[in-house]
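A.B. asks: Structure incoming, see below.
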Amino acid sequence: MIQIKKIFKMYPKPIWILTLIEFIFISRKTIFNVSREVGDYSATIDSSTSLAILGIACSLICIIQYSKFIKYIRKLMAALIMVYIVAALSFLWAGNIFSILFKATEVLANIYIIGIILILLFQSCNIKQIIYYIIIFCLIATYSEVLAEMVRKGLRFHHTNAYSYSAMIALLLCLGSLRFSLFKFTELKWPIILASIAWVGGTSTASYIACLAGLFLLYSSNKSGLNIQNAIIVLVLCIIFYAIAGDIIYSFIRAGHSEAEMQSGTGRSVIWEAAYMSFKDNPILGSGFVIGERELGPKYGFDFRQLSAHNAFLSVLVNTGLIGFFIFIRFLYKWGIILYRNSHWNVLSTILLPIYISIVINSAACPSIGSDWGPISSCIYLIIGVSFMPTKKNIKPRPQYKNSK
């Protein structure tokens, strides 16, 4: 099993303190989550809001304590931070100043805390320990959501793109690390099992497709990056396998959804229609961060109450218009380009590139970046931060990892 005591000893105490702050945020959206009416932006102080305020306050204290890192984090994650600065400024034309600034502050606090964690990790740990930390973090986020869902709805897995998403990230990171021999299978056996259970148990078609796309890219790569010849071979094998077992694969991907649900994005088509109408009304600046997408149903007379547009790209278009959308696309472009370039000489980037592709694909069904903060978001911020963090060439840390135990 995963030896918790050994994991705690593996990392310095400041990293665990910062992780605890992140868990405050995670628990407020999972264990202590409070359901509210869509369109209710009143400053209600409940368990969820109290934890958010506590998390932001603790984050500000840590940001002041580690102020020497802030300039570097701002430079490292500038493309992502800019997305949320524009989001924060949307109160200037959308109103709802408290709600917008509160939500934007929560996101930015998480980004900076994740940045501080990564700097401390790179200062005190080797690459294997850094990867293992991210895997454990993703599993904490995943099973916080799993347990919260089971308490609320019963002791079984429930359909969601929440914990299946963070589990997908952990699973791809595990398999990528094994693919390039950064770990032995025995070291990642239980993380793989736990991640796989949650990934499958969430019955999320988007997570299934995104993960399969990531696996395709992963096994088409070698230590010199993406190999076109390998990609063609893997693609041919996939086509042959699909021809033989297509019905089984399709029934797995459908995960119990009806044909009508599959054709409408499992019910998202109405939400996306409202999002398009909102974008047409405010194409340049949008309707305000978070506020815009939460008002979609009531504002346009649709019979649904959802907290998001169920699509990161539509969320950005609805919330901050074309201006925010271009900044968001610029961020995704810079993130992808740096991973692709570094993958030719850096095994870590080769592992992260398929995860990047999976995140972008999954974002078409779940606005985990570019919108309101959620537990998945912090997992993605870790991947983003590591992607932009300068690392040594040709990483082969196994001997160093053994000595560090």
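Glycine is no exception: its Cβ is also placed from the backbone N, Cα and C atoms.
Annotations per TrEMBL:
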- 192-329: domain 'O-antigen ligase-related' (DOMAIN)
- 51-70: transmembrane segment (TRANSMEM)
- 76-95: transmembrane segment (TRANSMEM)
- 107-124: transmembrane segment (TRANSMEM)
- 130-150: transmembrane segment (TRANSMEM)
- 162-180: transmembrane segment (TRANSMEM)
- 192-219: transmembrane segment (TRANSMEM)
- 231-253: transmembrane segment (TRANSMEM)
- 312-333: transmembrane segment (TRANSMEM)
- 345-361: transmembrane segment (TRANSMEM)
- 373-391: transmembrane segment (TRANSMEM)
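Surface or core, plus neighbours and distances: that's what I need for these features.
C.D. replies: Counting residues 6+ beyond its ends, the transmembrane segment (51-70) has Cβ neighbours under 8 Å at 17-18, 21, 24-25, 27-28, 32, 102, 105-106, 109-110, 112-113, 115-116, 119 in the same chain.
With a cut-off of 8 Å between Cβ atoms, the residues of this chain six or more beyond the transmembrane segment (107-124) that come close are 11-12, 14-15, 18-19, 21-22, 25, 55-56, 59-60, 62-63, 66, 69-70, 72-73, 76-77, 80-81, 84, 87-88, 130, 133, 372-373, 377-378, 381-382, 385-386, 389.
Tertiary neighbourhood of the transmembrane segment (312-333): same-chain residues 79-80, 82-83, 86-87, 90, 272, 275-276, 278-279, 282-293, 296, 360, 363-364, 366-371, selected by CB-CB distance under 8 Å and a gap of 6+ residues from either end.
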A.B. asks: Using Cβ atoms and a strict cutoff of less than 8 Å, what residues sit near the transmembrane segment (162-180) while being 6 or more residues removed from its termini?
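C.D. replies: Same-chain contacts beyond the flanks: 128, 131, 134-135, 138-139, 141-143, 145-146, 149, 188, 191-192, 194-204, 207, 210-211, 214-215, 218-219, 221, 223, 347, 350-352, 354-355, 358-359, 362, 366, 368, 374-376, 379-380, 383.
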A.B. asks: Spell out yes or no: are there three or more C-beta pairs under 8 angstroms between the transmembrane segment (130-150) and the transmembrane segment (373-391), with each pair 6 or more apart in sequence?
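C.D. replies: They are in contact.
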A.B. asks: Across the whole of the domain 'O-antigen ligase-related' (192-329), what does the mean pLDDT come to? Round it, please.
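C.D. replies: That stretch averages a pLDDT of 81.
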